[in-house]
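Colleague: Pasting a structure below so you can have a look.
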Amino acid sequence: MEGQRVEVDGGIMEGGGQILRVSTALSCLLGLPLRVQKIRAGRSTPGLRPQHLSGLEMIRDLCDGQLEGAEIGSTEITFIPEKIKGGIHTADTKTAGSVCLLMQVSMPCVLFAASPSELRLKGGTNAEMAPQIDYTVMVFKPIVEKFGFTFNCDIKMRGYYPKGGGEVIVRMSPVKQLNPINLTDRGSVTKIYGRAFVAGVLPFKVAKDMAAAAVRCIRKEIRDLYVNIQPVQEPKDQAFGNGNGIIIIAETSTGCLFAGSSLGKRGVTADKVGIDAAEMLLANLRHGGAVDEYLQDQLIVFMALANGVSRIKTGPVTLHTQTAIHFAEQLAKAKFTVKKSEDEDDASKDTYIIECQGIGMTNPNL
């Protein structure tokens with residue numbers, strides 16, 4: 001097997017945790033021994049952080065693989081995967097590390113397991129620098145299920161920065177193959193809705209203020225739609241620690257979903273949090289793509305594995321997406337093309353079509 005080993009440079013492109021997530025997931029799926037060097041080389045705290053470590057250990061356990069160099073601060077790991085198995089798998093970041101990112105790395109793998117899986121993920125559910133769990137459930141889930149599988153996501157406890165303490169349980173059954181997707185027809189926006197939350201000691205007024213500010217901001221640009229943002233006080237027994245934030249979703253006539261979200265932090269007013277989320281949503285609606293900027297890179301691995309040609313229309317292609325494409329091509333040998341959209345409606349906009357000839361990965365266990 002030695003000669004087969006894939007070498008990945010963890011310092012290029014996005015240069016962070018995402019390279020680890022994409023390369024270890026593909027290594028696990030394809031049975032490719034992997035060495036990743038220069039992990040997070042350019043970051044202020046180079047090497048593995050606790051959340052990366054828990055993701056790697058989870059992938060190792062999913063397939064009874066061998067993992068070397070996996071400790072905090074390590075800049076090089078070696079991973080030798082074995083057969084992917086179903087059952088109960090637990091990952092705990094022990095910090096506010098994102099459960100959504102743990103889900104990103106493990107989900108493609110367990111789709112190709114021998115039996116159904118239950119992923120018990122602990123950490124932050126609504127944390128900075130990662131999708132919020134509400135985004136995962138409300139946007140990522142309905143779109144990624146177009147690849148031909150379903151999953152169930154049970155939010156047991158919400159956790160925030162810096163304490164974490166959240167827990168999510170994901171259940172899914174394996175598939176034989178993934179279907180390709182075509183997300184190129186944007187349609188028109190038919191509804192806008194969302195959720196503004198406070199947890200712990202923060203007053204409910206903060207939730208109402210975030211919601212109101214977001215609605216005012218959206219109204220300036222989109223006048224003819226009712227904007228329904230629900231202020232929510234998270235129940236004491238379902239939230240660990242203190243936090244506040246908001247997610248706003250726009251749904252279109254063709255079933256496309258776009259989101260804007262923001263989290264409160266010290267010294268930032270409720271109004272500002274609401275306005276930030278609203279502006280993010282409006283920016284995602286301006287570019288003419290059929291997926292928002294955060295969904296782009298999360299779909300790449302599934303497109304690479306699918307049986308056939310997938311196409312998605314996007315706004316400007318993010319660095320995360322370029323990184324995911326690079327490693328999906330290097331490891332899975334999928335073929336991607338990124339072209340400016342030829343559609344006359346998109347002429348004035350920064351709109352692209354990402355096309356992928358998937359490898360038609362087949363589950364050897366089914």
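In case you wondered, yes, glycine gets a Cβ from its N, Cα and C as well.
The following feature annotations were taken from TrEMBL:
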type     : residues                                       : note
ACT_SITE : His320                                         : active site, tele-AMP-histidine intermediate
BINDING  : Gln104, Tyr294, Leu295, Gln296, Asp297, Gln298 : ATP binding site
DOMAIN   : 13-338                                         : domain 'RNA 3'-terminal phosphate cyclase'
DOMAIN   : 184-285                                        : domain 'RNA 3'-terminal phosphate cyclase insert'
Colleague: Give the number of CB atoms, excluding that of Leu295 (ATP binding site) itself, located within 10 Å of its CB.
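Modeller: A count of 25.
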Colleague: Taking the mean position of the Cβ atoms of Gln104, Tyr294, Leu295, Gln296, Asp297, Gln298 as the ATP site, which residues outside that list, in the same chain, have a Cβ no more than 8 Å away, listed in sequence order?
Modeller: Pro131, Phe140, Val291, Leu299, Ile300, His320, Thr321
Colleague: Greatest CA-CA distance (Å) over the residues Gln104, Tyr294, Leu295, Gln296, Asp297, Gln298 that the record ties to ATP?
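Modeller: With Gln104, Tyr294, Leu295, Gln296, Asp297, Gln298 as the binding residues for ATP, the largest Cα distance is 13 Å.
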Colleague: Please list residues from the chain of Tyr294 (ATP binding site) whose Cβ is under 8 angstroms from its Cβ, counting only those at least six apart in sequence.
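Modeller: Those within reach of Tyr294 (ATP binding site), by Cβ under 8 Å and sequence separation of 6 or more, are Pro131, Tyr135, Val139, Ala259.
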Colleague: Between 0 and 100, where does the mean pLDDT of the domain 'RNA 3'-terminal phosphate cyclase' (13-338) sit?
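Modeller: Taking every residue in the domain 'RNA 3'-terminal phosphate cyclase' (13-338) and averaging pLDDT yields 97.
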Colleague: Among the binding-site residues listed here (Gln104, Leu295, Gln296, Asp297), which has the Cα closest to the Cα of the residue listed as 'active site, tele-AMP-histidine intermediate'?
Modeller: Asp297
Colleague: Can you count the other CB atoms that lie within 10 A of the CB of Gln104 (ATP binding site)?
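Modeller: Looking across every protein chain shown, the total is 23.
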Colleague: What number of additional C-beta atoms lies within 10 angstroms of the C-beta atom of Gln298 (ATP binding site)?
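Modeller: Gln298 (ATP binding site): 23 neighbouring Cβ atoms within 10 Å.
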